[in-house]
Amino acid sequence: MNLTSRIDQVERNITSFDLRTALSSPIDLVIGVTLAVFGLLGARYASGTLDMAGIVLATGPQVMRRAYPWLTVVLTFLGAVLIAMFPQMPAAWVLPVAISAALSFYTVQRHLSRRAAWLLAGVIGVPLLVAAGGVLLLHPYLLPIAAAAVGGAVLLAGLTMLADVRRSQTEVKEVRADNLETLREQAAMAERARIAREMHDIVAHSISMVAVQAETAPYTITNMSDEAKQEFAEIATAARGTLTEMRRLLGVLRADVPPETAPQPGLAQLPELLEHHGGDVDLDILGEEKELPQAVDVSAYRIIQESLTNARTHAPGARVSIEIAYRPTLLALRIADDGPGPSAREDAADGPRETPGHGLIGMRERAVALGGWFVAGPAPAGGFLIQAGLPLE
């Protein structure tokens, strides 16, 4: 908040002043009245009305401290200036006015930078110190009390600054947490779009096969009736129309993504992937291998690929074991490494990557998209463990 905005806020406080709003806090009302009464009692032998007005201005505005904080600061400053003009006043005004000034500073300092807060403390405090100095010259026996008051003010300022630092640290942590959550959501959305593009390729291939077979059926099947030929023609037309609509959808999904010319990989390309990884990898295949649905085949390959990337990034040199279990209705994957098991791998795995996916988020999205499950975390015996189940139907 710059100086212009603070002046504007004071002007708004004045133009929109409402007495009910100003007196809405019972605690502030009690504080303001108490300080003003004690200040006036302490200055009851003062020489005139201006010095009494200074006491009221420096203490009374505390009744609206929360409702109109900047107006309270301005009035407190004006009261301090008036008090500084009458250094011959009785000494009893010092404590209530000092408390009022400290409350005014505390109320608005949370909205200021550290430099501005110290500047405001000087603006309010200098007139009070001038007046207090005049009092001490007339009443030297008050010096210990004044020293204690100054020490208390310094302690209050230090505690205020400490609270401000802690509040700033909390705000920074909250902003970082919000940013991290936003990045995770963006990564999940990007991975969903990538999965959708891959699914499009898979479905488009199947539909194109339907169209081709429907178009060639009348030539490969003998003695086909005209009604059957018409039905095959309608099937081919519907398939071609579906392909056209899917290409339009793909244009939206791939608006900012370069086209992929290579075919979608599957578990058949796993040996090349392990060779490219180059580390110490054990591969175990359980059950009888069988042909997988293409979506499951691609997702299984991508999950293993991302797991190897995680191991190479966060546990370089670690031994990796991969287990692929063919079950009647499920393809189960288990990838484990014997690395140190970093505590923050969940977050770190979503940074820059060698593969086009998004770490653990992408693997989870792939499994869930197929109606499966995904679990990742530190292994009981050490290292990191990733498990996934991909339904075959």
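Glycine is treated like the rest: Cβ placed from N, Cα and C.
Curation plays no part in TrEMBL annotations; they are all automatic predictions.
These numbers come from a predicted model, not from an experiment.
According to TrEMBL, the features are:
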- 27-46: transmembrane segment (TRANSMEM)
- 67-86: transmembrane segment (TRANSMEM)
- 92-109: transmembrane segment (TRANSMEM)
- 116-135: transmembrane segment (TRANSMEM)
- 141-163: transmembrane segment (TRANSMEM)
- 299-392: domain 'Histidine kinase/HSP90-like ATPase' (DOMAIN)
- 336-357: region 'Disordered' (REGION)
- 344-356: compositional bias 'Basic and acidic residues' (COMPBIAS)
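Note: the domain 'Histidine kinase/HSP90-like ATPase' (299-392) comprises 31 helix, 29 strand, 34 coil (DSSP; helix = H, G, I, strand = E, B). In the predicted structure, the domain 'Histidine kinase/HSP90-like ATPase' (299-392) carries a mean pLDDT of 80.
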